[in-house]
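**Student:** Quick one: this structure, given as C-alpha cells, is what I'll be asking you about.
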Amino acid sequence: METIAFRMVLNPGQSEEYRRRHREIWPELVETLREAGIRDYWIFLDDATNHLFAVLKRERDHRMDQLVTDDVMRKWWGFMSDIMATGSDGAPAQKPLVPMFYLP
C-alpha cells in the first residue's frame with residue numbers, strides 16, 4: 001500500500017454543505033473508489049484557508065488514473081463542482097503534497 005496526500009480548495013462558506021454531501025455519499029461511489037484500489041481515505045479541512053487535505057492509501061495495482069473516465073466519478077465531480085474549485089476536466093483542482101515526515 002502506498003499513502004498519498006493532496007490539497008483541494010473549498011469555496012468559502014461551504015464547509016457544512018461539503019460535510020453533508022459526504023455524510024450522504026453515494027454507495028456506488030464508495031464501490032467505485034474501492035474498486036480503484038483506494039483505502040483508508042480521509043479529508044481534513046483547514047477552515048482558515050478553506051483548503052481540504054486528503055490522505056489515502058492505495059493498492060500497488062490501483063486504478064486511480066482511470067477514475068477520470070468513470071461515469072459515477074464524473075457525476076460526483078459535477079455534483080460537487082458548485083462548492084469547490086475544479087479543473088478544466090471537471091475534477092476537483094488538486095495539488096499533490098510531498099511527504100516530509102513519517103513515524104512508523
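From the backbone N, Cα and C atoms, a Cβ is placed for every residue, glycine too.
Marked as active site, proton donor by Swiss-Prot: HIS22. If you look up Swiss-Prot, you'll see TYR18, TYR41, TRP76, TRP77 marked as substrate binding site, on the strength of sequence analysis.
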**Student:** Between TYR41 (substrate binding site) and HIS22 (active site, proton donor), find the distance joining the two CA atoms and give it rounded to the nearest Å.
**Tutor:** 12
**Student:** Would you mind pulling the DSSP three-state label for TRP76 (substrate binding site)?
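**Tutor:** SS state of TRP76 (substrate binding site) = helix.
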**Student:** Test of understanding: give the count of other CB atoms lying within 10 angstroms of the CB of TYR41 (substrate binding site).
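**Tutor:** For TYR41 (substrate binding site), the 10 Å Cβ neighbour count is 13.
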**Student:** May I ask for the distance between TRP77 (substrate binding site) and the residue listed as 'active site, proton donor', taken between their Cα atoms and rounded to an integer number of Å?
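**Tutor:** Their Cα atoms are separated by 12 Å.
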**Student:** I'd like the Cβ neighbour count for TRP77 (substrate binding site), meaning other Cβ atoms within 10 Å of its Cβ, all protein chains included.
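**Tutor:** Its Cβ shell of radius 10 Å holds 19 other Cβ atoms.
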**Student:** Express in Å, rounded to the nearest integer, the largest CA to CA distance found among the substrate-binding residues TYR18, TYR41, TRP76, TRP77 named in the record.
**Tutor:** 17
**Student:** Which whole-number value in Å describes the distance between the Cα atoms of the residue listed as 'active site, proton donor' and TRP76 (substrate binding site)?
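**Tutor:** That separation, Cα to Cα, works out to 11 Å.
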**Student:** Within 10 Å of the Cβ of TYR18 (substrate binding site), how many other Cβ atoms can you find? Include all protein chains, please.
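**Tutor:** Around the Cβ of TYR18 (substrate binding site), 19 other Cβ atoms lie within 10 Å.
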**Student:** In the same chain, outside TYR18, TYR41, TRP76, TRP77, whose C-beta lies within 8 angstroms of the Cβ mean position for the substrate site?
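**Tutor:** Same chain, not in TYR18, TYR41, TRP76, TRP77, Cβ within 8 Å: ARG21, HIS22, ILE25, LEU29, MET80, PRO92.
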**Student:** Here the recorded positions are HIS22, TRP76; which one has the lowest number of other Cβ atoms no more than 10 Å from its Cβ?
**Tutor:** HIS22
**Student:** With H, G and I counted as helix, E and B as strand and the rest as coil, say where DSSP puts HIS22 (active site, proton donor).
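**Tutor:** The three-state answer is helix.
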